[in-house]
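Participant: Take this structure, written in structure tokens, and hold onto it; I'll ask about it next.
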Amino acid sequence: MHRNHAKPRHGLDRRSFIATGTAAAAMLTLPRSAMGATQLSWIGWQGYDAPLKAGDFLKKNDIDLSTTYISSNEEIITKLQAGGAGQLDLISIYFGHIPILANAGLVEPIDEARVPGIEKIFPEFLDVDTIRKDGKLYAVPFTWGTLSMVYDPAAIAKPASWKDCLKDEYKGKVSITDDITGLISTWAPIVTGTKTPTRLTPAELKQTIDFLIKIKREHARTLSPNYGEATDLYARGEVVISAIGWDAQVAFAAEKDKELAFVRPQEGVMVFMDTLAIPSGAPNRDAAYKALAQAISAAGQTVMASDLTQAVVSSDAVPLVDEVNREVYQYGDFESLFQSARFNPFWPLQDDGEHASYDQIQEEYQRFLRA
Amino acid sequence: MSGARRPSQRLRAALLAAPAYTVLAVLFVVPMLLLFVVSFWRVRNFALTPDMSLAAYVRVFDTYGDVLVSTMINGGLTALVCVGLGFLFAYAARFRAGRWGDALILVAIVTLFGGYLVKIYAWKAILSTDGFLNAILIASGLSAEPLDTLLYNRGAVIVALVHFLLPFAILPIYGQLRNVNDIQIEAAHDLGASGHQTLMRVIVPQCRTGLFAAFAISFLYAAGDYITPRFLGGGSGSMIGQFIAREFSTRFNWPAGAAMSFVLMAASLLVLGLVGALFVRRRPS
């Protein structure tokens, strides 16, 4: 009798193979939590997960971080509306979208007692009405910055005005990025003279969009789908100045060995604030609160400042960030900073009969995209 | 006797086909029906409201009519180039490459490896102002300075789509050319037909179905694409897929996105119907 016929050469008979396969399949289909680590589902901008990945936070808390990156804030709303609530644990979103989420019951109130360090957040950001409803806090400020003018210092002198990007010498070398709030907030004051660019009449909105179309057609190299793509254009030498930019592009470009700089032109820039919120029915709420605390901790905030050139929200982090960051964001004198860097309210969610609503803004912005 | 067995045979055939029909119904028909119903609803403040409104369809033509036409043009041009190049390649593989014919087809299939986004970024690197093509143009003296007109337009979108879709066009054409009988070609030559006459009156009529399949695959894919125009298209290369994706993902305007999808589908079927009438319905003379 040949032993090889009695037993397969690889030493695994059919029954053992099925048993092993079934066990392996069962292991793969088990929830991660059953295998030890708690899975934390996080969604937000690429890079905003850096504070969670820094140090030994994930290991120490036995958290398996699952990240989804977005290309627009509205994607988060859509994802939550389309069944994402109950699956996601933590979202990072622009503060202006919080009322939409809170009114639709898609995010839950924050239990401030479970967020150590929240008292260290600058009141200029924590006390903003937009992130509160009926006295409850629905989102925790996480980071902020300015949508400044980004330029290539090796190619051009430091610009002083947004209108510098319209000079003939820069035709075809202007970077413009698909950012609805950034573009309209930056250019509406220049085009219409408004002081509050998120409160535009339909006529002012049309005037602003017409002007943006002119920039896109006559001055821009192309409309970049995101700031990462826009940074690539600088790295390849295709653009030298921007009609809208983001401070973090300087850090993105440094990774590509390209030196960029940003400036706040005399007409002012838009301040943005991104927040962290917990979706209703978050399956791993405890882990979400731990992550939230980590993100606003001095250590987490310092990572945001060093990795993304962003501003910190916690006073504890200020001594830890570098001198350049402190100088740019003027942490001790927000009153003075906010004179040139506008912290606008969000667009009206409902039609008030005078100002363009968020829906009208989006509809008109489509015209800019199609042009 | 045989008549008595027919119902049981039919039942058996139906049972055998049931899983396939079930998969088709669950994964295709039901979602499409649901989406069709949603296209008549309304949305307000990111919330869907059941309705029976044609507003989303009216908006497609009012707002996106020009983009729809541009999409049909881009899809049509891409498909025509794919069919033309695909036929040349398949013809060479079938009639000119001898025993290397199958190897040529294998090479065409291998170009599918590497992914779709990689091809987009490759064309970005080739067509940008500091790209490969500009370097050649300057080195050869054909251009004094880098051309910025190679990228971010309709042409760049079509080039990248053709690069990706060409293998899909080659395969059905080659399959049909394999069925062309060599004896018929020799007979045509013996009867005095020129090379051109043999091609147009013997070979092409026999691979009309393959040509149409190549056109349909290339056209449908190109017309529905939204990634390539987003990264390479700029203003003139915009396509309706970009706006459908935006309506669904950014605005949560599912009725608009659904209506745009069905209009795109109808327009694509119309184009394919017209092309099909040209390619397939005419029988070989």
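Each residue, glycine too, has its Cβ placed from N, Cα and C.
Sharing the features that TrEMBL gives for it:
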DOMAIN    B:68-275  domain 'ABC transmembrane type-1'
TRANSMEM  B:21-43  transmembrane segment
TRANSMEM  B:67-91  transmembrane segment
TRANSMEM  B:103-123  transmembrane segment
TRANSMEM  B:155-174  transmembrane segment
TRANSMEM  B:209-227  transmembrane segment
TRANSMEM  B:258-280  transmembrane segment
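In terms of burial and nearby residues, how do these features look in this structure?
Facilitator: Long-range neighbours of the transmembrane segment (B:21-43) within the same chain, counting only residues 6 or more positions beyond its ends whose Cβ lies under 8 Å from a Cβ of the stretch, are 49-57, 252-256, 258-259, 261-262.
Listed by sequence, the residues of this chain that lie at least six past the ends of the transmembrane segment (B:67-91) yet keep a Cβ under 8 A from its Cβ atoms are 60-61, 104-105, 108, 154, 157-158, 161-162, 165-166, 168-170, 173-174, 177, 203, 207, 211, 214-216, 218-220, 222-223, 229, 236-241, 243, 263-264, 267-268, 271.
Beyond the transmembrane segment (B:103-123), the same-chain residues lying 6 or more positions past its ends with a Cβ under 8 Å from any Cβ of the stretch are 89-90, 92-93, 97, 156, 159-160, 163-164, 166-167, 170-171, 174, 227-228, 231-232.
Beyond the transmembrane segment (B:258-280), the same-chain residues lying 6 or more positions past its ends with a Cβ under 8 Å from any Cβ of the stretch are 35-36, 38-39, 56-57, 59-61, 64, 68, 71-72, 75-76, 208-209, 211-212, 215-216, 219-220, 223-224, 240-241, 243-244, 247.
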